[in-house]
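Peer 1: Sharing the record's features from Swiss-Prot:
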SIGNAL    1-16  signal peptide
DOMAIN    75-384  domain 'Peptidase A1'
ACT_SITE  Asp93  active site
DISULFID  Cys106-Cys111  disulfide bond
MOD_RES   Ser129  phosphoserine
DISULFID  Cys267-Cys271  disulfide bond
ACT_SITE  Asp276  active site
DISULFID  Cys310-Cys343  disulfide bond
Amino acid sequence: MKKLLLLLGLVALSECLYKVPLVKKKSLRQNLIENGLLKDFLAKHNVNPASKYFPTEAATELADQPLVNYMDMEYFGTIGIGTPPQEFTVIFDTGSSNLWVPSVYCSSPACSNHNRFNPQKSSTFQSTSQTLSIAYGTGSMTGVLGYDTVQVAGIADTNQIFGLSQTEPGSFLYYSPFDGILGLAYPNIASSGATPVFDNMWNQGLVSQDLFSVYLSSNDQSGSVVIFGGIDSSYYTGNLNWVPLSSEGYWQITVDSITMNGQAIACSGSCQAIVDTGTSLLSGPNNAIANIQKSIGASQNANGQMVVSCSSIQSLPDIVFTINGIQYPLPASAYILQNQQDCTSGFQGMDIPTPSGELWILGDVFIRQYFAVFDRGNNRVGLAPVA
């Protein structure tokens, strides 16, 4: 009888999936547009997605998270920090590795408009003397590091290091729909040697598998989810195709080719790509993206966005990413984003340091089409068409 109970317990653990619901909200860009601030923002800040992966600040600082690159994010989840837990809305970001939230020590307008962590109201908080700096645009966010219990989908992640911001210059953050960032990349790109949240979960035996997975819903305000410690096959069709990482740090893989109408439009002879839930669009080298924008008839509007005629979506071709020998087509309905105002291209150019070659960022535009599994135990990414 005892053996049976033990077996049942092990089965229950193996099937336990910890799910964080993600809510779709207006992006920071949309909020800036509605408040008439986008033009001023773009004049003051160079929005270059590559700065997230090639920071110019010292490696010891938390400079791998320039905040301007989150301005198009729409998917957010809730976590709790402290005892009792204080609630925060965060971006679950596979393109960075640190956790940070605003603190009560920050009195700038951007902080006062968001949830702020109060260490004095947590019985489990431990302070440190370590500082952090988060670079973005023309200024930086500064703060300190501390330890506390982080609640994620019912998991109590104890003794978790995280950042508490003390200054947040820049009025644009006032309009951001999120409080902070929860990074899900590898520990070797974390600032100050901090252990990322998922690594801490695994090290403490809080999840049964050394992986997590992401489903992003295309249409609904709800339905999107991050799953810790397992895979839910109801979110995808067919089989998962596994892609080995070409580099461990970011979730970086090799793309064989990118084609349209059977012709190569970029990435001839293979290229590198990062699968990043913390990037909303699909980013690539400026020249390649310019060719794609021209091919789909996109032109720039007053808000700096590339727009196409909504009536042309049905006639636009698929753009096909071939990865590890498998084709992943993106239909126009995926790479053209329809909102109340217009139809915008889901592609974005970026400046990349020359030694890095051709790099692409497979953001939410791609992940909405393909359920993604981030397998730390085997250093690979699994992809399958969403159900």
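Glycine too: its Cβ is placed from the backbone N, Cα and C atoms.
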Peer 1: Cβ distance under 8 Å to Cys343 (disulfide bond), same chain, sequence separation 6 or more: which residues?
Peer 2: Val307, Val308, Ser309, Cys310, Ile313, Ile336, Leu337
Peer 1: Which secondary structure state does DSSP assign to Cys310 (disulfide bond), in the simple three-class scheme?
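Peer 2: Note: Cys310 (disulfide bond) is helical by DSSP.
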Peer 1: For Ser129 (phosphoserine), just give me the three-state DSSP call.
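Peer 2: For Ser129 (phosphoserine) - judged by DSSP and reduced to three states - the answer is strand.
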Peer 1: Closest of the recorded positions to Asp276 (active site), Cα to Cα, picking from Cys111, Ser129, Cys267?
Peer 2: Cys267
Peer 1: Going by DSSP, is Cys111 (disulfide bond) part of a helix, a strand, or coil?
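Peer 2: Looking at the DSSP assignment, Cys111 (disulfide bond) belongs to a helix.
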Peer 1: Hey, how far is Cys111 (disulfide bond) from Cys267 (disulfide bond), Cα to Cα, in Å?
Peer 2: 42
Peer 1: How many Å separate the Cα atoms of Cys106 (disulfide bond) and Asp93 (active site)?
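Peer 2: So the Cα of Asp93 (active site) lies 23 Å away from that of Cys106 (disulfide bond).
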Peer 1: For Asp93 (active site), which of the recorded positions Ser129, Cys267, Cys271 has the nearest Cα in space?
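Peer 2: Comparing Cα positions, the candidate nearest Asp93 (active site) turns out to be Cys271.
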